[in-house]
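> So TrEMBL has the following annotated:
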| type | residues | note |
| --- | --- | --- |
| TRANSMEM | A:6-29 | transmembrane segment |
| TRANSMEM | A:36-56 | transmembrane segment |
| TRANSMEM | A:62-85 | transmembrane segment |
| TRANSMEM | A:97-122 | transmembrane segment |
| TRANSMEM | A:142-162 | transmembrane segment |
| TRANSMEM | A:191-213 | transmembrane segment |
| TRANSMEM | A:225-253 | transmembrane segment |
| TRANSMEM | A:274-296 | transmembrane segment |
Amino acid sequence: MDWGLFTIQMLNGVQLGVLLFLLAAGLTLVFGIMDFVNLAHGSLYMMGAYFCATLTQVTDSFILGVLLALPLTALLGWLVELIVVRALYTHDHLDHVLATFGLILCFDTAVDFIWGPTGMAIPLPAFLDTHVDLVGGHTFPTFRILIICAGLAVAALLYFLVAHTRIGMLIRAGASNRTMVMALGVDIGKLFALVFAVGAAFAGLAGMLIAPITEASIGMGNEIIIVAFVVIIIGGIGSIKGAFVAAMLVGLIDTMGRSFLDQLLKLFMSSQNAETSAPALSAMAIYVLMAVVLAFRPQGLFPPKVR
Amino acid sequence: MLSLFRTGLPAYVMLAALAFLAALPFISEWVDNAFLMDLFLRLMVLAIAAVSLNLILGYGGMVSFGHAAYLVIGAYAVGIPAYYGIYDGFTHIVIAVLGSAIVALLTGAIALRTKGVYFIMITMAFAQMVFFTFVSIEEYGGDDGLVIDQRSEFAGLLDIEDGLTFYYFVLVSLVLALGLVHRIVHSRFGMVISGAKGNERRMQAIGFPTYRYRLVCYVISGALCGYAGALLGNFTYFITPEMGDWVHSGELIFMVVLGGAGSLFGPVLGTAVFVLLEEYLSRFTQYWHFPFGAMLILVVIFTRGGVNGMFRWLGARIGLGAKS
């Protein structure tokens, strides 16, 4: 076993986990508080990436690009809530799914119209475009370390906000019993608009962080949003802690599966069989994980206490 | 006109529609537009998929957001044997139907343990699993897909390589699928399914194991959609995992809801509106998805119950006196 490579893949897994958490946090809060299913959350991830790409080109600085794109994505999220989402609270889940599906079509086409069908690269500043030396002569990109640090910092900030501030108390109360919070005189509509906008900013941040590696492209949110759904199902819908644990679990299992499953399988089957079945199996790994978790705990690992 | 979308079409409208579909190849030849036949072939294949989804969504209240996966499984059930030179249509169909049924049984058994939005997301996740599985099997083309050299052979009984024969083969399949769903929902089994949609606890209280009933219904629906997938593979001569992308599952739901979930012909109507609108809008602009998506949002916000609800809403607005 090459432990250097193992460490690198572990870090890649954590990096994916952190991105998934940024997406899943908004998704799970929006669902937990308002019982609203937002398929278009991935579109906000994409819009964040495109805003950042454009602003980076205009200002010639990735850092400035991110700082300016963040409030812009939050504003977009707030507008989406105001124009579309607010009209749908009283509808059922199927309507949420259909309307936000329509939103995805609109966003994807709008991006095609404004930015064109090809993706947009985001150039990294020189000080981030370097490598860090690891044991055994391996290197790891500095930028990926920045992603991990930024993600963990946001997670810590979110934890502090939710667990130790008044607004966090209202969010938690809203997630476990919305009616009671309303009865206590809290304007749950305003609270929710805030959560929706902050969730959009988090999703956008995830898009901005990944875009320098993969480019900003149309439909980039549509694949990862499913994985984010898997994360919040495993973690228990409405739970920030669950989202964090599940995001790390999913990120690690997915990355490690893709890198090492063939070697694992070679231990007990022919190397040819291992090499053909490993890609398919590793593609399934996180869904199998979800199935196993649900088979034992249909409500997820850390469900919010009372619903 | 307004009740048309609520309770299913009256018999004479359906007969007229059927006559139109039956005559379409000749109309297509008469106006010298071969594309018309292709368009309606696609429409009918997708309609079978929508009809299969409606069985669980409309009558059973199970919102499967992963039905396009069964289309892919059905299509690969034609493509993979064809890759090995096996063109026997009966084999293709048996693999498509059985394969879809087995996948539906395994995923349904887990997904049906949950309800509501969990069910939506889990079916979606399982469909992505099928999608990525086919993407990662490079032997069968992976991402690039698989070309099917010729259509299924039916031991000399039918030659669906012939466009006209294939057209009627699909038309008959659609009619049979509608017949099957009609029989199911009017049977005792179907009553339990729709009873469980209304009040599951009551159905359990009077002694029905609703989980098992639902699972069987889910498997039937998956198998029927797999059959539609086999037709799709034959229709396009080319299959890719992309057919099972969750966006297509969303489109299938849209078709069912648009036409009116829980009515026999609703999904066919919804598919027709969807496919024709897509065709019409895409002629005006390459950005047709935008008005399409916007329309979808508006339909959902302002109406409940698809085209049916929209007509009633419009009717109320322009003072037709329709009850809303």
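Indices start at 1 and increase along the chain as displayed.
Each Cβ is built from the backbone N, Cα and C atoms, and glycine gets one as well.
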> Which listed range (A:97-122, A:191-213, A:274-296) shows the maximal number of Cβ pairs under 8 Å with respect to the transmembrane segment (A:6-29)?
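Per the Cβ under 8 Å count, A:191-213.
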> If you count every Cβ pair below 8 Å, which range out of A:36-56, A:62-85, A:142-162, A:191-213, A:225-253 shares the most with the transmembrane segment (A:97-122)?
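Stretch with maximum Cβ contacts: A:36-56.
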> Find the member of A:36-56, A:62-85, A:142-162, A:225-253 that has more C-beta pairs under 8 Å to the transmembrane segment (A:191-213) than any other listed stretch.
A:62-85
> Before we move on, state whether the transmembrane segment (A:225-253) and the transmembrane segment (A:62-85) share at least 3 Cβ pairs under 8 Å, counting only pairs 6 or more apart in sequence.
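These two segments do not touch.
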